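These come from TrEMBL:
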DOMAIN    4-118  domain 'CUB'
DISULFID  CYS4-CYS31  disulfide bond
DOMAIN    136-251  domain 'CUB'
DISULFID  CYS256-CYS268  disulfide bond
DISULFID  CYS263-CYS281  disulfide bond
DISULFID  CYS275-CYS290  disulfide bond
TRANSMEM  309-327  transmembrane segment
Amino acid sequence: PTQCDNWVRTSNGGHFASPNYPNMYPPNQECVYILEAAPRQRIELTFDEPYYIEPSFECRFDHLEVRDGPFGFSPLINRYCGLKSPALIRSTGRFMWIKFTSDEELEGKGFQAKYSFIPDPDFTYLGGILNPIPDCQFELSGADGIVRSSQVEQEGKTKPGQAVDCIWTIKATPNAKIYLRFLDYQMEHSNECKRNFVAVYDGSSSIENLKAKFCSTVANDVMLQTGTGVVRMWADEGSRLSRFRMLFTSFVDPPCSGNTYFCHSNMCINNSLVCNGIQNCAYPWDENHCREKKKAGLFEQITKTHGTIIGITSGIVLVLLIISILVQVKQPRKKVMACKTAFNKTGFQEVFDPPHYELFSLRDKEISADLADLSEELENYQKMRRPSTASRCIHDHHCGSQASNIKQSRTNLSSMELPFRNDFAQPQPMK
């Protein structure tokens with residue numbers, strides 16, 4: 001938003017007005033004014049006469065909008081229009097945001113407003129408005145650099161126990177813009193912007209150039225559109241532990257020339273910033289694939305100094321290990337018999353042993369009885385044939401040969417029992 005007409009600023013306040021005041025303001029206007037007081041101060045706004053802004057229901061057409069803060073989304077105080085000038089308006093902090101809007105028709109004389117600064121009642125116990133803070137300004141320039149709050153104490157810009165209100169002005173390289181990235185950030189009283197904050201301005205320290213303001217627990221990166229950046233830190237007496245450290249990098253828009261490096265984020269940085277150990281791009285492309293030279297650690301120092309001893313010792317241990325493995329492999333293995341609890345063998349045999357083959361023993365006895373009967377019958381038969389054989393021998397004159405044959409046959413008959421018995425011998429028990 002643009003500022004309309006003249007705006008007068010003084011150390012104690014100032015005044016501004018609608019375009020062409022006290023004449024008719026033009027149509028289709030949108031003017032924004034942002035007022036800023038010193039720390040521990042508030043703003044009072046009053047309106048002069050004549051005053052006229054096109055009246056409408058809820059001031060929907062031409063109107064004057066006032067907000068309690070530095071932004072267009074700050075809390076709304078009120079909208080004003082009509083014939084009667086507004087009453088005294090007072091902020092609750094150091095900032096006030098004002099916008100005047102006119103539509104296409106029915107213009108009026110407009111307004112003229114005066115603003116002044118008053119002590120903040122929240123700090124009356126500390127003496128109200130502070131004495132002027134000593135000059136605390138720093139300047140930096142170049143391809144990159146570090147903005148740090150510790151510089152205030154190191155250079156003795158403020159004394160211990162005093163409030164800090166310091167400004168760092170950053171100048172980029174020719175035709176370049178500025179990228180800011182926080183490396184360290186801590187507000188002792190977070191979310192209390194009256195007590196401590198870090199503000200970033202794009203172009204100058206004027207309030208209308210405020211780019212970002214951080215007073216919470218998180219601070220984001222900031223891309224500036226000009227080659228001049230202003231960083232301001234405010235911390236009251238009770239917030240001296242607040243601190244920050246910020247990296248600034250000069251960059252140009254693509255396409256990148258020969259002496260610049262493309263950051264893959266719509267920015268080109270100087271080649272000297274690549275692989276310098278610091279992330280200058282929005283993403284760490286400039287530090288990827290870099291061979292960092294690190295100091296040798298304890299392990300590297302030991303291996304360089306005692307490498308031979310460690311190698312020989314490791315070899316000896318390895319050889320002994322192999323020998324022990326071979327000895328274990330070749331050594332015969334002993335069978336280990338596990339002692340088990342005694343059990344009832346009789347019951348076990350009754351369940352698993354086969355029967356005692358009673359059938360075979362009975363059959364063996366029957367066969368023996370049959371053989372005995374058969375031998376008796378043969379003997380009786382031969383006895384019966386003896387007389388007839390003797391008479392026959394006498395008659396045929398072959399008694400000698402027949403007797404021998406009879407003896408041989410009897411011998412053969414008595415020997416017949418053995419093969420029969422052997423064939424029906426008791427079989428071996430089953431396993």
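Heads up, the Cβ atoms here are built off N, Cα and C, so glycines get one too.
Caution: TrEMBL annotation is automatic and unverified by curators.
With CYS281 (disulfide bond) as the anchor, the candidate disulfide-bonded residues are CYS256, CYS268, CYS290, and the one with the nearest CA is CYS268. Here the Cα atom of CYS31 (disulfide bond) is found 36 Å from that of CYS268 (disulfide bond). The C-beta environment of CYS290 (disulfide bond), restricted to residues of the same chain at least 6 apart in sequence and closer than 8 Å, consists of VAL274, CYS275.
With a 10 A radius on its CB, CYS275 (disulfide bond) counts 15 other CB atoms from all the protein chains. With respect to Cβ neighbours within 10 Å, the disulfide-bonded residues CYS31, CYS256, CYS263, CYS268 differ, and CYS256 shows the lowest count. CYS268 (disulfide bond) sits 36 Å from CYS4 (disulfide bond), taking the C-alpha atoms as the reference points. For CYS281 (disulfide bond), the Cβ neighbour count at a 10 Å cut-off comes to 23, with all displayed protein chains included.
If you draw a 10 Å sphere around the CB of CYS4 (disulfide bond), it holds 22 other CB atoms from the protein chains shown. Under DSSP, the residues of the domain 'CUB' (136-251) split into helix, strand and coil as follows: 11 helix, 59 strand, 46 coil.
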